[in-house]
There are 2 protein chains.
Amino acid sequence: MYETIALVGATGAVGRIVLEQLVERKFPYKRLKLLASERSVGKEVRVGDETIKIELLEPNAFKHVDLVIASTPDEVSAEFAAWAVEAGAVVVDESAFWRMDDKVPLVVPEVNPDAVDHHSGIIASPNCSTTQMVVALAPLHKAARVKRVVVSTYQATSGAGIAGNEELKDSVRDSLSGKVHPAKVFQHPIAFNLIPQIGSRKYEGYTSEEMKMVYETRKIFGDDDIQICPTCVRVPVMIGHSESILVETERPLTAAEATELFRAADGVTVVDDLDAMQYPMPRDCDGKDDVFVGRIRKDISGSGGIAFWCVSDNLRKGAATNAVQIAELLVRKAAAVSS
Amino acid sequence: MYETIALVGATGAVGRIVLEQLVERKFPYKRLKLLASERSVGKEVRVGDETIKIELLEPNAFKHVDLVIASTPDEVSAEFAAWAVEAGAVVVDESAFWRMDDKVPLVVPEVNPDAVDHHSGIIASPNCSTTQMVVALAPLHKAARVKRVVVSTYQATSGAGIAGNEELKDSVRDSLSGKVHPAKVFQHPIAFNLIPQIGSRKYEGYTSEEMKMVYETRKIFGDDDIQICPTCVRVPVMIGHSESILVETERPLTAAEATELFRAADGVTVVDDLDAMQYPMPRDCDGKDDVFVGRIRKDISGSGGIAFWCVSDNLRKGAATNAVQIAELLVRKAAAVSS
């Protein structure tokens with residue numbers, strides 16, 4: 001049913017990992033097209049045992065394509081998605097452009113898999129910082145209903161793509177030899193620094209990145225009563241977003257209950273032994289697909305809530321892995337219908 | 001009245017800055033003794049126009065000393081403080097050892113200056129992450145009474161002294177050339193990584209650093225009803241601790257009111273213009289004495305609270321500057337009494 005698939009944005013930080021995952025996870029495609037802008041056309045990319053030439057992303061590129069996975073800037077997605085849908089393909093889109101569209105399901109397979117049933121050609125994958133948070137919150141929400149979340153993020157430079165990591169490396173190298181590397185990708189020099197701004201001002205002094213965490217979480221859980229206070233911060237780490245989360249639930253949970261719920265949850269790995277200095281850290285989560293949770297403890301400020309620390313590879317579960325999992329879900333659902 | 005002063009720990013990251021500050025701020029001493037462990041004895045240190053030889057920290061070292069400023073490990077402070085008090089000196093101590101002692105005032109001059117009046121020879125300066133937070137919270141507490149604080153920290157490696165910064169630099173250099181630098185000062189490699197543990201396990205899954213923020217804040221404000229949920233994280237930044245703070249007050253404040261209160265507060269500088277990409281960052285606060293506050297906005301998760309971002313040089317206001325300010329306060333109070 002999804003025999004011919006196309007990847008839009010194959011040369012980006014996320015696109016490269018999508019290709020790896022299609023091979024590693026043995027995604028059942030017959031033909032794979034790689035589409036990109038003019039700059040990359042003609043480049044050859046190794047995918048498993050095949051070498052595939054990148055073709056131009058243009059209105060006729062989606063003929064006979066059944067499924068598209070796309071990791072592109074918002075404005076690219078705004079344009080090409082209609083071409084793909086027109087040609088009869090289903091688009092799994094990583095960009096922010098379609099996420100809050102009422103006709104577009106916003107899907108994290110561990111959390112709301114059935115949302116894929118009601119698409120009109122486009123299915124959106126959430127923002128990286130939202131995805132790992134909802135994967136972690138899902139078991140607590142199911143068991144005790146999440147009422148309120150206070151979250152502070154520590155976000156890696158690869159959230160801004162390959163250029164983000166290059167800027168961090170160059171910036172650190174220059175800083176160590178006493179120079180200041182000019183900021184291009186980020187708003188300010190990132191070497192040995194923190195930037196408490198991701199995105200632009202959006203609402204009541206919150207940034208677009210912060211408001212994504214609010215709106216997308218509510219849409220994924222289908223619960224507009226969930227209250228969220230986010231602070232999003234860029235940190236000099238290459239891969240792996242971290243989040244300090246305080247969650248208040250309708251039914252108070254003990255730390256032991258929360259730990260059990262995390263342990264039993266799909267896509268969550270608990271690493272939590274403070275005496276043994278074991279907790280999730282970006283360097284340990286790089287290249288892994290799960291969402292890692294630790295420092296699980298009761299809120300000692302009296303809310304009856306749970307505080308925890310959550311890390312995930314922002315290029316994997318935060319982007320590539322989630323998109324490939326959505327595609328796998330579509331394949332499984334199609335197989336179930338036809339059998 | 002405080003003619004002869006002694007500095008214990010002059011060669012450390014904080015001690016060096018205390019010396020700078022004594023000169024810069026024209027501290028009115030007549031004679032300055034530098035005391036340290038055997039390893040540093042005989043070393044000469046330049047202080048303003050003088051060159052001073054480091055003497056041995058031993059029981060008789062405090063003869064004729066009126067005032068001691070000390071930046072040493074807890075176990076050193078536990079021992080020498082009695083020698084100094086016995087000799088008639090007043091000790092302003094940076095270590096954690098005396099902070100929670102009932103007979104020892106814990107002082108941030110902008111917040112609780114009158115606490116110095118009731119000492120028994122020792123006055124403690126708080127933990128770096130506590131000091132900047134209470135300076136920022138003080139004006140809100142005075143105006144609207146702080147009930148609850150949720151804080152996530154982003155703490156610099158210099159919090160672990162000169163060796164902490166050296167380890168970060170070496171670790172980053174090695175990482176850029178594909179090697180892993182062994183962690184000695186920190187629990188894990190710090191290059192391009194985050195470590196969600198500062199100190200050891202203390203209470204209900206919280207670390208000693210986190211519980212310092214709880215206990216010390218309550219003691220400084222003289223208010224045991226303040227509820228605090230802290231998460232302390234080490235980040236690959238050399239100088240400047242940052243904090244993402246959500247504060248709930250008895251009387252709800254608007255963001256505009258909170259901003260006015262911050263602007264009017266001693267020791268606080270507001271840097272807050274998201275559209276112009278202006279907010280406090282470690283690289284801008286390095287070498288400055290104030291506590292910098294920005295990203296001031298209402299909590300959109302319904303508490304009626306205020307969210308903000310707070311950065312300060314952890315070696316200055318977080319340590320050296322606060323100790324020197326306590327010493328200056330003692331001098332002013334003594335002058336007021338004698339005049």
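Just so you know, glycine gets a Cβ as well, placed from its N, Cα and C.
From the candidate list B:Asn112, B:Asn314, the residue TrEMBL records in the NADP(+) site shared with B:Thr11, B:Gly12, B:Ala13, B:Val14, B:Arg39, B:Ser40, B:Ser158, B:Gly159 is B:Asn314.
Comment: NADP(+) site residues B:Thr11, B:Gly12, B:Ala13, B:Val14, B:Arg39, B:Ser40, B:Ser158, B:Gly159, B:Asn314; largest CA to CA distance 26 Å, whole number. With a 10 A radius on its CB, B:Arg234 (substrate binding site) counts 26 other CB atoms from all the protein chains.
Nearest to B:Arg234 (substrate binding site) in space, judged by Cα atoms and limited to the binding-site residues B:Thr11, B:Ala13, B:Arg39, B:Arg99, is B:Ala13. Listed recorded positions: B:Arg39, B:His241; maximum Cβ neighbour count within 10 Å falls on B:His241. Secondary structure at B:His241 (active site, proton acceptor), as computed by DSSP, is strand. With the fewest other Cβ atoms inside 10 Å of its Cβ, the least crowded of the binding-site residues B:Thr11, B:Gln155, B:Ser158 in this structure is B:Thr11.
Counting residue by residue with DSSP, the domain 'Semialdehyde dehydrogenase NAD-binding' (B:4-119) contains 38 helix, 31 strand, 47 coil.
A separation of roughly 9 Å, to the nearest angstrom, links the Cα atoms of B:Ser158 (NADP(+) binding site) and B:His241 (active site, proton acceptor).
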